[in-house]
Amino acid sequence: MQLGLDFNLVEDLVAGVDEVGRGPLCGPVVTAAVILDPSRPILGLNDSKKLSEARREALFEEIREKALAWCVARAEVEEIDRLNILHATMLAMQRAVEGLSVTPRLALIDGNRCPRLAVPSAPVVKGDSQVPAIAAASILAKVSRDREMVELDRLYPGYGMAGHKGYPTAVHLEALSRLGPTPIHRRSFAPVRELLDASVE
């Protein structure tokens, strides 16, 4: 039994915001914003990295059903390469908060900095393992991105994206050097950029 965060910590109209996919060499960075409903408890909420895939999938459906409002947003590979990963992540977080159907009175952002928002915000370091709404956001973002990487694995076979989700594993790096980058690889990330530079020389 995986114990979750104390749902009594949920406050009215507070959005939790988190991202997944800053480290991978390919694919989008995906963010989510969630306003939980204090009257509709969700048991077992925790940092998505601490949950099994099956548990994340079950909570994904429950969060979308019970939350007062939620939004999954993203920044594309082209935006990551143009802006850099930090600015692209902030942009995707803005999109998630702006996409909520209910305006939060406060947005709590996982990490140590906040995007520019039209509502008050505060960063919470390791927020996904402390704040239920951020944990819920981490689950929506991770499940959404993982599902997309499985689809991209079908479009670009041979790289093992369904397994490593784009992270720079030995399998991914070997496939990258053997097959070359796809259109969804981040050209601004060193392993991809170095490969492209070498092919030009």
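For all residues, glycine too, the Cβ spot is worked out from N, Cα and C.
Since the structure is predicted, the reported quantities are computational estimates derived from the model, not experimental observations.
Going through D37, D47, D81, D110 against Swiss-Prot, the one listed in the divalent metal cation site together with D18, E19 turns out to be D110. Excluding the listed site residues D18, E19, D110, the same chain places V17, V20, T31, A32, M93, I109, G111, G127, D128, I134, A137, S138, A141 with Cβ atoms within 8 Å of the centre of the divalent metal cation site Cβ atoms. Ranking the binding-site residues D18, E19, D110 by how many Cβ atoms sit within 10 Å of each one's Cβ puts D18 at the top.
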